[in-house]
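Here is the structure we will look at.
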Amino acid sequence: MTMPFYKKVVLYLLLSVSAFFIFAPAIMALLMSFMPGEQILTGTIIPKSFTLEHYRQAFERFPLLSYLTNSLLVSLLIMAGQLLLSSLAAYAFVFLEFKGRDALFFLFIATMMIPFEASIIPNFQTIRDLNFLNTYTGLSLPFFAMAFGTFLLRQNFKQIPKELKEASEIAGMGDLKFYLTVVLPVAKTSLVTLGVYGFLSAWNMYLWPLLATTDDSVRTVQIGLKQLQSQEQLNEWGVIMAGGIIVVLPTLILLFLGQKKLQKGLTEGALK
Amino acid sequence: MSYIELSNVSKSYDKQRSVLNGIDVSIEKGEFFVLVGPSGSGKSTLLRLIAGLEEITGGELHMNGKVINHLPPKDRHLSMVFQNYALYPHLTVEQNILFGLNAKKVDKKEQKQRLHKTAEMMGLTELLKRKPRQLSGGQRQRVALARSVVSEAPLCLMDEPLSNLDAKLRAHMRMEIRQLQKKLGLTMVYVTHDQVEAMTMGDRIMVLNDGKVQQVGKPIELYNKPANLFVASFIGSPKMNMGRAVIKGQQLVIEESLFIPVKAADVIDIPKNKRLIAGIRAEHLFKGTSEEKTHVLDVINVEQLGNETMVTFEVGGEFWTAKWLGQQIVHTGDRVPVQLSVEHMSFFDADTGKLIKAASSLKQKEGVAI
C-alpha cells in the first residue's frame, strides 16, 4: 500500500506513542529492577546508578529456580495434554460421522461460557479425592480438556479437503494413521498457535496453583512472586521487579520463537 | 458374470431425499465406462457407491460375482482419482505416489521399482522431490494419475479429473488417460459432465439424469439412437435440433411453420395425430441451392469456425443450428435455402419423451464418416 509521507509520519508517531504507553509499566519494572533500593523509594524513574543486587537477592532468598522448573514442567504438561486431547476431539468432530455430532459440539462450545472460577470447587474436590494435591498431575490435569482448543483445531481441520480422507480410506489407511500422518502435519500452524497459547496461559496461572499446592517443592513461579511481595514488612520493590522480569523472560522468548514459526506457517499457504 | 454389476441400486439421504433410483448396469473387465449427466444427476454419488465411500441404501453391488455392499473401500482393490486430485500438501511428489503403498505395507524394494516405472511412464521423474504446490495443474493431475497407477489396482475410478484443466491440456490428458487405460488393461469408471469427454473416451456411456439411468450404450449408439429427449439433447454438440411436430395427411408439420411432405412408408411406425417431437442433427440440415431446396429459412446467427460454419435459423419458436463444412458466406438476416428430409429425422413421443423412431438414413450410412 502506498500512502503520502506525512500520513506515514503521523501514523508511525501515533503507533509509537501508544506502544510506549502500553509498554510503560514493563519498562518501569525493568528500570526499577536495576536501581538501588533508595532510588526506588524516592520515586526516581531514570536510574542514577546500576546494580544487579536485586537479581542476586531474588535468587538467593527464594527457591526461584525450583519455582521456574515447576512452572516449566506444569506448563509443558498442560500444553501437551491440551494439544493431544483437543486435536483428537477436533478430529472426531470433523472426520468421524456419528449421530448428534454437531449437537455435542455445540454443547462442548457452550462450556466456554463457564468461567474456570465457577468450576474451581468441584475441580478442587476431585483433585483432592484423587490425592493429587501437591503433584504436577493435580496442577495440570484440570486444564487438559479445552473447548477453545477443540474449536480452533476443528475449524482448521475442516479446511482439509475430505477427499484427502477418502483417498486414505481407499489406500487402506485407518483413522489413527490418517490423524498422525496427514492431519497433524497439515495443521501444524494451528497446533503451534494453540501450543503457544496454552503454554502462556498455563505459565501465567495463579489461582489454581495456589489452591492445589501447599508445598513449596511443587509451587509455580507466579506464587513465588506473590511470596516475594509479602515476606517483609516493607516491600522490596527492586527484588519483586527483578523476580517479575525473570518470570516474564521465558514467555517472551517463547513468543519470539513462536512468532517466527507462525509467520512461516501462515505464509506457507494452503493448496486447494 | 460381469466384473461389476449393480442391480436395482438406490441411494437416499435421511430416508427421504432420493439421489439414485433403481440403477441396473454391468461393467465388463477392461472397459472404459463413462458416467455422464448434468450436475446433480447423481453420477458422482454412483461412483462413490462403487468406491465404498458411501453406503448403498437399496439394491446390490456385485464385484466378481460377490455382493460387496458392505465391504470397506480398501478391500475393493480399486484406486480413485479425485476432481481436486487430493494430493497431500505436506508430502513430496514421491511420498504422495507411494502413500498408498506405504499404507498397504508393500516391500520397500518393490515400492522403489514401481515408483520409477510409474514416474517414467508419467514423465514425473524430474519432479519427484517437489511439493504439490510447486506444480502446475497438469503436473498435479499427473501425480494423481501416477498414484492411481502405482497401486496396480485393477479398477480405477475417476471423478471429473480433467475439469480443473484448461481446454488444450484437457484434450491432451484425455488422450493420455485413454492410452494408459488401454496399456494397463484397467477397468475404468469415469465420471464427467462433459459429453464431448464422454463421447471421445468411453467404450460405453451411461447417461444419468435425476438419479435415473437414461440410456447405456456405445457412444455412436447414443448419438444415433438416443432413447429419449434428454439423451438426444445432451449428447452431441451442437445439440439436436428439435421441434413440436404432428403428421397431418401427407405432411409433417413442425412448429406449425415447416411443412415437409412425407410418404406413407416413411412414417409407417409413427402413430397419426399424436403429439410428437421431431429432431434432426445439425449436420443433417443440409445447405440448399436456389434450384435444389426444400425450404427457405431466416438466419439468426452465424458462427465462423474456420473449417466449418454454424448457422442458426429460427423455426417457429425454436432455434435450429446447421453445421456446414467449409467457410460459407452467410449473413445474419439472410434467407437461406436448405434441404430437409424426413429420413434424417428422429421422432419422440411428446408426452413421455421416449424415442419412437430413429433417423432411418443412418441405417444405410452406418460406418460412414459423417
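Cβ coordinates come from backbone N, Cα and C, glycine included.
No curator has checked TrEMBL annotations; they are predicted automatically.
Annotation source TrEMBL lists transmembrane segment at A:12-34 (among others).
Taken from TrEMBL, the feature domain 'ABC transmembrane type-1' covers A:68-258.
The transmembrane segment annotation in TrEMBL covers A:72-96 (among others). Beyond the transmembrane segment (A:72-96), the same-chain residues lying 6 or more positions past its ends with a Cβ under 8 Å from any Cβ of the stretch are 104-105, 108, 136, 139-141, 143-146, 149-154, 156-158, 160, 162, 165, 175, 178-179, 183-184, 187, 191, 194-195, 198-199, 202-203, 209, 220, 250.
As annotated by TrEMBL, transmembrane segment applies to A:103-124 (among others).
Outside the transmembrane segment (A:136-157), and at least 6 residues removed from its termini, the chain residues within Cβ reach (under 8 Å) are 70, 73-74, 77-78, 81-87, 89-91, 93-95, 105, 108-109, 111-112, 123, 126-127, 130, 183, 187, 189-191, 193-194, 198, 202, 208-209, 212-213, 218, 220. Among the features that TrEMBL reports, transmembrane segment is placed at A:136-157 (among others).
Per TrEMBL, the feature transmembrane segment maps to A:178-200 (among others). Counting same-chain residues at least six beyond the ends of the transmembrane segment (A:178-200), those with a Cβ under 8 angstroms from any Cβ of the stretch are 75-76, 78-79, 82-83, 86-88, 91, 95, 143, 146, 149, 152-153, 156-157, 160, 164-165, 168, 251, 254-255, 258, 261-262, 265-266, 268.
Long-range contacts of the transmembrane segment (A:237-257) within the same chain, counting only residues at least 6 positions beyond its ends with a Cβ under 8 Å from a Cβ of the stretch, are 26, 29-30, 32-33, 35-37, 40-41, 53-55, 57-58, 61-62, 64, 68, 71-72, 196, 199-200, 203-204, 221-222, 224-225, 228-229. According to TrEMBL, the feature transmembrane segment maps to A:237-257 (among others).
Packing against the transmembrane segment (A:12-34) from elsewhere in the chain are residues 40, 45-47, 50-52, 54-55, 237-238, 241-242, 244-245, 248: each is 6 or more residues past its ends and has a CB under 8 Å from a CB in it.
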